[in-house]
Amino acid sequence: MPYKCLPRNYLSPQILAIILNSIKPFAILTLKKKKIFVRIDTKKIRGFYMQKIIVLIGPTGIGKTDLALDLAPKINAEIISGDSMQIYQEVSIGTAKPTDEELKRVKHYLINQRSIFEEYSVKDFVAEGTKAVDKIVADGAIPLVVGGTGFYINALVNQLQLGEPGEYQTSVDPQWEEYLKENGENKLWDLLQAKDPAAAEKIAPQNSRRSLRALTVISRTGKLFSEQQQKINPRYDALILGLNSDREEVYHRINMRVDKMMEHGLLQEAKFVYENRSREHQVIQAIGYKEFFPYFSGEKTLDECVNKLKQASRKYAKRQLTYFKHQLPVVWLDPLQDEKVSEKALRKINEFLNK
């Protein structure tokens with residue numbers, strides 16, 4: 001708590017009364033040697049005034065990066081990546097990172113900060129995301145969170161209860177490990193969806209580790225995994241803008257995006273992940289890489305794997321939208337049908353910042 005000192009005779013009784021009433025919730029005033037000392041409790045200020053941030057979400061391939069890069073200079077914003085995979089240095093094409101030129105145009109946070117062989121959880125994201133917000137605000141800019149990992153963004157904005165300390169290291173119930181071995185990750189996810197649909201919405205079928213943990217928590221506590229994570233306490237005053245369009249249009253863009261990724265070297269990036277699959281890391285579970293493993297092992301053709309990736313990406317986009325619509329208060333915009341989407345977004349942002 002820093003102290004600020006003012007000459008006692010500098011303030012009239014009327015002005016002093018106004019100051020006392022205005023800062024009483026988060027300050028202590030004391031008189032000493034004809035001086036007024038104001039002790040500010042920054043924690044109380046943070047609770048009294050929530051920092052405003054802008055969030056831009058949407059399904060994969062909808063155009064979030066392009067819109068964010070267009071908006072950022074207009075509102076003096078710096079970008080925080082809200083994508084759980086863009087944090088990794090070794091993978092860029094399959095994670096749809098901004099290009100080097102785009103990263104130079106606007107300052108970005110939480111991109112290329114970890115090796116794929118390092119652990120990175122939602123708790124790490126929240127801890128580093130809050131630091132990034134504080135840094136951006138201290139520099140006099142607006143925090144703009146951009147991404148499609150809904151659970152991560154929700155946890156940052158709303159302080160979701162992420163479990164007790166050590167929960168992420170909970171040993172998995174052997175029965176679920178056996179179920180996974182016998183039935184595969186999709187059947188495991190189907191089982192979780194039957195037991196706890198809300199939890200399944202937040203977990204990709206490919207993320208068998210989280211599915212195993214959720215089922216373990218359910219069997220050990222007798223409570224739904226989702227209910228144990230739903231305590232919401234907003235951390236920021238957030239305007240959440242969402243991009244979406246006609247489903248067929250979105251799916252068409254996803255298919256085109258996969259083709260473009262292939263042209264830019266996705267197969268080589270996937271091969272790197274495949275060759276390092278013996279070292280456990282989260283990127284193995286990411287859409288865009290594991291779909292090519294059967295090609296590298298000689299089980300499927302390249303065309304079959306590309307089509308599988310397109311299908312997986314479309315399903316992922318559907319899950320993203322389901323989560324956004326059920327978990328976050330979103331102001332929706334259509335970037336594919338509305339040529340003035342940037343103007344509309346800018347107007348909504350200015351209205352939000354000025355209210």
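Glycine too: its Cβ is placed from the backbone N, Cα and C atoms.
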| Looking at the ranges 83-86, 171-174, 263-266, which is given as region 'Interaction with substrate tRNA' in TrEMBL? | 83-86
| remark: Sequence-ordered list of residues in the chain of Thr60 (ATP binding site) that lie 6 or more positions away and have a Cβ within less than 8 Å of its Cβ, or none, is Ala96, Gly148, Ile254, Arg257, Ser313, Tyr316, Ala317, Gln320
| note | Gly61 (ATP binding site) -> DSSP, reduced to three states, gives coil
| query | If you count Cβ atoms within 10 Å of the Cβ of Gly63 (ATP binding site), leaving out that atom itself, what do you get? | reply | 16
| said: As a quick check of your reading of DSSP, tell me how many residues in the region 'Interaction with substrate tRNA' (83-86) are helical, how many are strand and how many are coil. | reply: 0 helix, 0 strand, 4 coil
